[in-house]
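Reviewing the structure listed below.
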Amino acid sequence: MKRIAVLTSGGDSSGMNAAVRAVSRAGMSAGLEVYGINYGYKGLVEGDIVQLEPLDLDGRIASGGTFLHSARFPEFAEESVQLKGIEQLKRHGIEALVVIGGDGSYHGALKLTKHGFNSIGIPGTIDNDIPGTDFTIGFDTAVNCATEALDRINDTARSHQRTFIVEVMGRGAGDIALWSGIACGADAIIIPERDYDIQEIADIIVRNKEHGKEHSLIVIAEGVMSADDFKRQLDEHGDFDSRAITLGHIQRGGRPTAKDRVLASLFGDYAVKLLLEGKGGLAIGIHNNELEAHDIIDTLENHKHHTDVALQDLNNRLRF
Ligand SMILES: Nc1ncnc2c1ncn2[C@@H]1O[C@H](COP(=O)(O)OP(=O)(O)OP(=O)(O)O)[C@@H](O)[C@H]1O
Ligand SMILES: O=P(O)(O)OC[C@H]1O[C@](O)(CO)[C@@H](O)[C@@H]1O
Ligand SMILES: [Mg+2]
């Protein structure tokens, strides 16, 4: 193998740059030429492909976003468009592709694999919703961002004896809500993986007040409903002087945490090691602190991400 390429796709996540750096540096150390593809699958199909040099990677480990840029490019679900992408890769003499992205991006890599083009997926999304790994790159940074925001909201909630409903990201998964909710001592964490009872939530707030805790914090995952909609429901069960907040895209940016930088470095280096061993068609992950690589087709077609819903029980035991 002489030449490989790397792209980032889907919503950006902090640590993607560290992963591109790791793939590139590990590849260059092994004597490979490494190409960067700009704008995800869109850039692939358009042939926006450039050779990366060592200096291109300088300082990237500490930066948020993705310097290769990203794109949502639904056209890539069409076979004819996928084949155009493969033509571009072949035209550039590229023998394997590393895709850094979320579950959607993994499906793109799966399609390329099915067409016979060697592709490896590295999990990069704040949502932590990919099967085959306990953690994705960017999740830890997003959780820390949400936690800091929730701490700040708790301060003003306490001062004004208010109830805050804070919506965090995660698409269909409750992972960011669970981790940030526990980290800031939320009174309730509402996730798409489990039903909730609005009366029970109202009762928690009332009980808090009866026992001298005049403010409450409810963390809701976006996959359940918006903070505004939840507030409307809650308002029908009492006057809690509530405020609804959507944290939004601040969770996607910022300098990656050390954990995300190290995870990205491990994943990128491991992807290149596997390619050098002649392997491919794989989804990389970390399970019980060990790096793992699974068949990407089997991973996506037969497995689901399992949110650790027991974290909600933990929060219920520990809350006020
Ligand atoms: N079924 C599919 N087949 C081929 N390509 C796909 C498929 N689904 C998604 N993709 C490609 O992957 C890109 C990214 O997917 P998506 O927008 O779902 O984000 P993601 O990778 O899941 O990341 P995140 O959820 O963190 O935003 C899509 O814009 C499209 O180009
Ligand atoms: O940035 P966009 O395209 O609005 O997408 C937002 C979505 O992307 C994510 O930030 C990452 O998948 C989700 O948590 C969120 O639902
Ligand atoms: Mg996704």
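Even glycines carry a Cβ here, placed using N, Cα and C.
The active site, proton acceptor annotation in TrEMBL covers ASP127. Positions annotated as ATP binding site by TrEMBL: GLY11, ARG72, PHE73, GLY102, ASP103, GLY104, SER105. The ADP binding site annotation in TrEMBL covers ARG21, ALA22, VAL23, SER24, ARG25, GLY185, ALA186, ASP187, LYS213, GLU214, HIS215. The annotation Mg(2+) binding site is assigned in TrEMBL to ASP103. Residues annotated as substrate binding site in TrEMBL: THR125, ILE126, ASP127, ARG162, MET169, GLY170, ARG171, GLU222, ARG243, HIS249, ILE250, GLN251, ARG252. Among the features that TrEMBL reports, domain 'Phosphofructokinase' is placed at 3-275.
TrEMBL feature annotations superimposed on the structure.
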| residue | record | contacts (Cβ under 8 Å, 6+ apart) |
| --- | --- | --- |
| GLY11 | ATP binding site | SER70, GLY102, THR125, ILE126, ASP127, ARG252 |
| ARG25 | ADP binding site | PRO54, LEU57, GLY268 |
| ARG72 | ATP binding site | GLY10 |
| PHE73 | ATP binding site | SER9, TYR39, GLY40, TYR41, LYS42, VAL45 |
| ASP103 | ATP binding site | THR125, ASP127, ASP129, ILE130, PRO131, LEU300, HIS305 |
| GLY104 | ATP binding site | SER9, GLY10 |
| SER105 | ATP binding site | SER9, GLY10, GLY40, TYR41, VAL99, GLY121, GLY124 |
| ALA186 | ADP binding site | LEU150, LEU217, ILE218, VAL219, ASN315, ARG319 |
| LYS213 | ADP binding site | PHE320 |
| HIS215 | ADP binding site | ASN154, ALA157, ARG158, HIS160, GLN161, ARG162, THR163, PHE164, ASN208 |
- In whole Å, note down how far the CA of ARG21 (ADP binding site) lies from the CA of ARG171 (substrate binding site). 27
- Task: Among the binding-site residues GLY102, SER105, MET169, name every one whose Cβ is found under 6 angstroms from ligand 1, counting any of its atoms.
- Result: GLY102, SER105
- Task: Can you see whether DSSP assigns the residue listed as 'active site, proton acceptor' to helix, strand or coil?
- Result: coil
- For VAL23 (ADP binding site), the same-chain residues 6+ apart in sequence with C-beta under 8 angstroms from its C-beta are ILE4, VAL6, VAL34, VAL98, ILE100, ILE122, GLY268, ASP269, ALA271, VAL272
- Query: Which binding-site residues, if any, among GLY11, ARG25, ASP103, MET169, LYS213 have a Cβ under 6 Å from ligand 2, given in order along the chain?
  - Reply: GLY11, MET169
- Item | Distance-selected binding-site residues near ligand 3 (C-beta under 6 Å), from ARG25, ASP103, GLY104 | ASP103, GLY104
- Task: Would you please pick out, from the binding-site residues GLY102, THR125, ARG171, ILE250, the one with the fewest other Cβ atoms within 10 Å of its Cβ?
- Result: ILE250
- Query: What residues, ordered by sequence, lie under 8 A Cβ-to-Cβ from ARG243 (substrate binding site) and sit at least six positions away in the same chain?
  - Reply: ARG162, THR163, PHE164, ILE165, LYS231
- Note on the structure: Using a 10 Å radius on the Cβ of MET169 (substrate binding site), the other Cβ atoms enclosed count 24
- Query: What residue among the binding-site residues ARG21, ARG252 has the most other CB atoms lying within 10 A of its CB?
  - Reply: ARG21
- Item | Distance [Cα-Cα, Å, rounded] between MET169 (substrate binding site) and ARG21 (ADP binding site) | 26
- Task: Determine the mean pLDDT over the domain 'Phosphofructokinase' (3-275), rounding to the nearest whole number.
- Result: 98
